[in-house]
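S.K.: Got a structure for you, written out below as structure tokens; questions coming shortly.
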Amino acid sequence: MAAQPVSRVVRRVLRAGVRSCSSGAPVTQPCPGEPVVEVLSRPRPFLGEHAAPFSAFLTDSFGRHHSYLRISLTERCNLRCQYCMPEEGVPLTPKADLLTTEEILTLARLFVKEGVDKIRLTGGEPLIRPDVVDIVAQLRQLEGLRTIGITTNGINLARLLPQLQKAGLSAINISLDTLVPAKFEFIVRRKGFHKVMEGIHKAIELGYSPVKVNCVVMRGLNEDELLDFVALTEGLPLDVRFIEYMPFDGNKWNFKKMVSYKEMLDTLRQQWPELEKLPEEESSTAKAFKIPGFRGQVSFITSMSEHFCGTCNRLRITADGNLKVCLFGNSEVSLRDHLRAGASEEELLRVIGAAVGRKKRQHAGMFNISQMKNRPMILIELFLMRQDSPPALPSTFRNSLRVQVLRHRVSFSSQMVTLWKGGGVPQAPLVAQRWLGSSLPQRHFSSHLDSDANPKCLSPTEPQAPAASSGPLPDSDQLTHVDTEGRMAMVDVGRKPDTERVAVASAVVLLGPVAFKLIQENQLKKGDALAVAQLAGIQAAKLTSQLIPLCHHVALSHVQVQLELDRTRHAAVIQASCRARGPTGVEMEALTSAAVAALALYDMCKAVSRDIVLAEIKLVSKTGGQRGDFHRT
């Protein structure tokens, strides 16, 4: 380890000669031209009494040595994932407030001198930063730094990896949440699945082993692909890392969307009973498993169900220069401001030491974390890449994919391995080819309506109203819109508590081959049928109380209407979701939205065919309210 810039004796004097107290709040900002220097916030006698082999400034009050630093190079990204950013978008930091290359290297140099031996570059998407290769090359010159890693979405990886390897990059994590090209495009709102697979292929070709693939598992989106991801490790030196879905500001975390480590493990063991656990490395965040005879392995990142705080050795620096000692904490210290105020190396170390000293024993747990205010993930780093819950896939879309995955799992795995061994760029998985033919869907629409009628409904810190009863009420055998004399009556919701209400409904329009082809190619004389239907669905949701006589008026905070073309049935699958905070549910708004979108699609196509059938108008799910949640199976 490199020599320490400040001796242990000097550090003891500094700690003993200054009194301090701490409330646990973030470090205050320095006055212009005058850096604020903080001392360690609590005594740590074991550091003063023993000759510590590791920097006192990077050792917290629980004895954890922080030897791993993650640096975000940018807040920007070349994908537009539905669950990486809040719906209202992310205001990017002005360029002048971001760390410069020299500031990044200055901080990295300081941390390495104190004992950090591993640095991982993150984002945003780090590979869109123009000087990323130069940064890696200069980091490689730091004495004592053993590992330089990068976490990327893989879009630019194949092109840049040869240069990065030459510069000194030693580890790669690639974020990929699905093996189905159509679903990939649905998730990230961009094409690029084959570029990601090409990047994985290039990493293997250049000798990186294992190549780590990060997959955030979310119920209703990709939990049905667990076995496909594991099958890839049979012939490829991959470490597929399944990550429990975690809450961040703006992603409306829902516990029901989290698939726990034990549930995932049970799923894998049903297919591979011989799955064996591997020894865990010290400070590892992953629980590793291997199937005998497979080249690669599988890991689980269990931040929510079984945290690993006791061995945490990680610190994070955001793109705007703030130090985060815990990924889930909202306390940050601006190292950038101290740097620009002219703080000396010793002063910077004391600021860092104060922040590390305040690090808690463990994070708050999954239920409390979901209520905490924190940065959106895109503004921290891309480690787990995309933590939000996207709109649920239409049930017919999801079920079609699941059937194909199960039917062709072995073929898909062997096809991928054959392609890798052959050195070619992997093509679309068999599952996608069977569902879509040889190409991706030509058209996909997704729209959002955000209303400021009730802005509080999206706040993760908004206190929940007390429930009217200790549990959900059973379904009633009485009609609530009929009074005791059998006459219609509007339900009085004035005494019901306000709660977050979400409902999803779907409809299917069986178009027939002629109308389907015209819509697919956007050749209808009336114009863009999907866009018109989409807009009609949004309008209908807002007007539901005027169409359904006894329906209450609801101040909707969000409406989303999606249309997918299903070529196997020559059909359009419509999904409408509505959200509001109030005393009554929004299932009627969702159902009306889906139904009117289907009617509008019929109207656009009726000149071509009157044999069109509107089918399967149904409620898919609802959450919130005294009667509990409903999810159609």
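From the backbone N, Cα and C atoms, a Cβ is placed for every residue, glycine too.
Note that the coordinates shown come from a computational prediction; the quantities given were computed from them, not determined experimentally.
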S.K.: For the GTP site that Swiss-Prot lists with ARG120, THR151, LYS212, ARG314, LEU315, ARG316, give the additional residue from the candidates ARG64, ARG70, ARG361.
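M.R.: Answer per Swiss-Prot: ARG70.
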S.K.: Looking only at ARG70, ARG120, THR151, LYS212, ARG314, LEU315, ARG316, which the record lists for GTP, tell me the maximum pairwise CA distance in angstrom.
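M.R.: Taking every pair of listed residues, the largest Cα separation comes to 20 Å.
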S.K.: Using a 10 Å cut-off on CB atoms, tell me which of the binding-site residues CYS309, LEU315, CYS326 is the least crowded.
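M.R.: Taking CYS309, LEU315, CYS326 as the binding-site residues, the minimal 10 Å Cβ count falls on CYS309.
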S.K.: Across all the protein chains here, work out how many other Cβ atoms are within 10 Å of the Cβ of LYS212 (GTP binding site).
M.R.: 21
S.K.: What whole-number Å value do you get for the CA-CA distance of CYS312 ([4Fe-4S] cluster 2 binding site) and SER61 (phosphoserine)?
M.R.: 13
S.K.: Which one is closest to CYS326 ([4Fe-4S] cluster 2 binding site) in space, judged by CA to CA distance, out of the binding-site residues CYS77, CYS81, ARG120, LYS212, LEU315?
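M.R.: It is LEU315, whose Cα lies nearest.
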S.K.: Taking the region 'Molybdenum cofactor biosynthesis protein A' (1-380) alone, what is its mean pLDDT?
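M.R.: In the predicted model, the region 'Molybdenum cofactor biosynthesis protein A' (1-380) has a mean pLDDT of 81.
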S.K.: Closest to ARG314 (GTP binding site): which of the recorded positions SER61, CYS77, CYS81, going by Cα position?
M.R.: SER61
S.K.: I'd like to confirm something. Which of the recorded positions, SER61, CYS77, CYS81, CYS309, has a Cα closest to the Cα of LEU315 (GTP binding site)?
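M.R.: Among SER61, CYS77, CYS81, CYS309, CYS309.
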